[in-house]
C-alpha cells in the first residue's frame with residue numbers, strides 16, 4: 001500500500017498482477033466516486049480529486065470543465081448537513097455556507113439547460129423544505145418536460161417526452177417523506193436518450209431548453225403536472241460558490257448564471273426586518289412578503305386605520321381569525337349539547353381544480369388537529385362544508401351536499417350536537433350522524449376559533465375568505481368584536 005491505490009487500471013510493472021487479478025486490462029467506462037474506509041478519494045460532484053496524475057473527463061468534448069479540478073488537490077466535504085466552512089486549497093473557491101438561496105412559493109430563477117440534457121441529466125443539491133408541496137426543479141423544451149417536486153413531503157420525479165403526436169412519460173416517488181426544516185441531499189441521474197428516444201421518434205434533438213429552479217411561471221407548467229406553486233425553503237450546493245446547484249458536471253450560480261430571478265433571497269432572510277406595521281402590530285412573512293396582524297379596531301395593510309363605529313358583519317381574509325375564550329362560551333362547547341349558528345357569505349370560490357387547494361377554516365376548537373377531542377368545520381377546496389367531531393373515541397365526519405358559491409347570498413349554518421348525535425345544516429337542509437364510543441362530551445380546553453387560526457396546524461389549511469355575521473353559541477350572542485378575546489385582520493363586510 002506504500003505505492004498508493006490504483007483505480008480503473010494498474011501499471012504494467014505491478015508484480016504478479018495477472019496472477020492476482022486474472023487480467024491486465026484496464027476498466028473501460030466512467031468513474032465518479034471512489035472512497036476507502038469512508039475517506040473520499042475522488043468525487044466529481046464534490047470536486048474532490050486526490051489523484052496523483054491528471055484525469056480525462058468522461059463526457060462530450062464540447063462540455064466546458066474547470067481545469068483546476070485536474071491540477072488541484074481539493075479538500076473533502078465531511079458531511080452534507082455540516083454547517084462548518086470548507087476552505088479548498090485554491091483561493092478561487094469561497095465557503096459554500098456563506099449564502100444559501102431561499103424560495104417562497106412564488107420565487108424562481110431561470111437558467112439555460114446544459115447542452116446534453118436530452119441525453120443525460122444529473123442533479124446534485126441540498127434542499128431544506130419548509131412546506132410539503134412545491135416545485136423544486138423544472139426543465140422545459142419543445143419536446144421535453146422534467147420536474148422534481150414535493151407532494152405531501154414526498155419527493156417526486158416527472159419526466160415526459162413528446163413529439164406532438166404521442167407522449168411517453170414516467171413518474172416515481174421517494175420511499176419516505178422528507179422532514180420539514182431539515183437539510184436533505186438530492187442526487188438524481190437520468191439517462192434520457194436510452195429511456196425515451198429509442199421509443200419515440202423526434203426529428204430534431206434540440207439543445208435550447210431552459211431550467212426553472214424553485215418554481216416556474218404558471219403558464220410554463222404543463223396541465224398534467226400535479227403541482228402549481230413553487231418550492232418553499234432553502235436550496236444550496238454541497239460545495240462551490242454561494243448559490244450554486246450542480247447539474248451535468250457544471251455548477252449553476254443562482255446569482256450570476258441566471259436569465260431571470262424573482263423573489264430569491266438569502267436563506268433565513270426575514271421580510272419583517274424592515275416591517276412598517278403600525279400600532280405595535282405583529283408582522284409575519286408569507287410568500288416573501290410581510291403581512292401585519294391588525295388587532296381590532298385597527299385595520300388596513302399596515303394597521304394604520306382605526307374603526308370608530310361598530311362592525312356587525314365581519315369580513316375575513318386569508319389571515320383573519322376570531323378567538324373566543326371565556327367561560328360563557330366554553331361551557332356550551334364542553335356540555336353534552338351544543339347549538340352553534342351563524343350566517344356566511346362566500347366572497348370568492350376556492351380553486352377546486354387544483355389538487356392542492358387548501359381547506360378554509362370556519363370553526364375550530366381543540367388542542368391538536370386529529371389528536372384528542374376536537375371539532376372543525378371547513379369549507380373544502382370543492383366549496384363543500386365538512387364537519388369533523390371527535391369526542392375521544394374516533395372522529396366522525398359529515399360533508400354537506402350543498403355547494404356554496406360566491407353568489408352574493410347569505411347562507412345560514414347550524415351545528416347541533418346532542419350527546420353523540422351530530423347534525424350539520426345549510427339553510428333548511430340537514431344531515432346527521434352519530435359518533436362512536438360512549439363519550440358524550442367534547443373535552444376541549446383551548447379557545448374557539450372562527451374564520452381562521454392564530455397559527456395554522458396544517459399546511460393544507462388557510463383562513464376563510466368571506467363574511468360572517470349573527471354568531472350564536474348556545475345562548476351567547478357575539479354582538480361586537482370588542483367582546484372577542486382576539487379579533488385579527490377583520491373588517492366591515494361591506495368595504
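Any Cβ shown, glycine's included, is placed from N, Cα and C.
Predicted automatically and left uncurated, TrEMBL annotations should be read as such.
Keep in mind it's a predicted model, so treat the numbers as computed, not measured.
If you check TrEMBL, you get these features:
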DISULFID  294-303  disulfide bond
DOMAIN    1-58  domain 'Laminin G'
DOMAIN    95-267  domain 'Laminin G'
DOMAIN    268-304  domain 'EGF-like'
DOMAIN    311-493  domain 'Laminin G'
For the domain 'EGF-like' (268-304), what are the DSSP-based totals of helix, strand and coil residues?
4 helix, 13 strand, 20 coil
Averaging the per-residue pLDDT over the domain 'Laminin G' (1-58), what integer do you get?
74
Please identify, from the disulfide-bonded residues 294, 303, the residue with the sparsest Cβ neighbourhood, meaning fewest other Cβ atoms within 10 angstroms.
303
